[in-house]
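Colleague: My structure is below; once you've seen it, I'll send some questions.
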Ligand SMILES: C[S@@+](CC[C@H](N)C(=O)[O-])C[C@H]1O[C@@H](n2cnc3c(N)ncnc32)[C@H](O)[C@@H]1O
């Protein structure tokens, strides 16, 4: 593809993302490339990288364009990105919009005036509002400030770093060393993780989906933070475990591995599509102690299983405000009212799932958000409603999770697991571990 054709494809992809504002951009991008299999690997990477960078910088690019009294169309977003982030000259940008069969139409008069106004500008300007400078949308800024305090700027900046590719060795199939050796034999270098006992990190994000190690279920793709949440459940052989918001079973798989396939895990979710994905992953990983249950309105499943589980994990639906490295569009896909709706949904889920925990059992509440209202405040509210539960401090849970002597120190101080890219090079995660009195 020529540079101009890549620009045209980027504009089309951004248009498709804008037409489906509630759909995650990676789902739209996957469908976009599936429908255009003729686009080769190099072009695909270049188009995806530019589109991702535009989505990552969208708050700032919108600000620049709207300041010129114009609406931020996909074409103008690309123009602004080429100038301010890729440092193309005015003339190079004009050449990129050269017209013709595979190229974008030449810039219209009003687009040229935006181009001229932005040429030689800087992406970050002193007169930008704080939320735009930090690249933290207004709906998330109070929570970010509360959570990170003096580290706010550092924490926000780290949400723009590229995320590494994290894997979890599936102990049902191999050890972590065997998985690392198998990947190395396929030319994929990885290193053990700092905290997760099963984790392997591929710093250069080399794709692994076609590797034998992945296809045969020796490794799963899973952020280190997600692995640590599974670790804190303390799931062990013979237990009864409910993964209440199981999604595509990322944590079910990790817990099955901890349980050596012994005992029972019920992976519940309200999404049939996600549970279908879960079943396929469970098969590939050789898990045979887990079953999926689709929760439906009026379902009596939860009522019938009151107090029956040793461990209940609530990996709650959330804003994903800790995952902006991987899902940059989650910044602008979410609004204040989504946050409010999610907070009340999380509360209801926590209450329902809490009823499943047997006396003496463990409840783990987790999110991939860094906002206190979705995290610590949610757990504190639950503890007020359910005084028969008490927090299990992180230090204690952490020590219990490592049977051997070479445990690393806990990743953070305080009662909860609170991970953030600038401190741990994981996504931003929260987990609170509670114990029900016996
Ligand atoms: C953060 S995702 C789970 C990710 C998953 N645990 C993993 O590790 O891959 C949250 C999940 O909660 C599910 N969910 C939403 N509302 C729910 C509800 N009322 N009850 C149970 N699950 C729900 C969503 O469908 C979604 O799959």
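Backbone N, Cα and C atoms are what each Cβ position is placed from, and that goes for glycine too.
TrEMBL annotations: computationally assigned, not manually curated.
So TrEMBL lists these for the protein:
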- 155-437: domain 'SAM-dependent MTase RsmB/NOP-type' (DOMAIN)
- 269, 315: S-adenosyl-L-methionine binding site (BINDING)
- 368: active site, nucleophile (ACT_SITE)
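Could you place these features in context, so I can see how deep they sit and what lies close by?
Modeller: Other C-beta atoms found within 10 angstroms of the C-beta of residue 315 (S-adenosyl-L-methionine binding site) number 25, with every protein chain shown included.
Other Cβ atoms within 10 Å of the Cβ of residue 368 (active site, nucleophile) number 27 in total over all chains.
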Colleague: What is the number of other Cβ atoms found within 10 Å of the Cβ of residue 269 (S-adenosyl-L-methionine binding site)?
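Modeller: Taking all protein chains shown, residue 269 (S-adenosyl-L-methionine binding site) has 23 Cβ neighbours within 10 Å.
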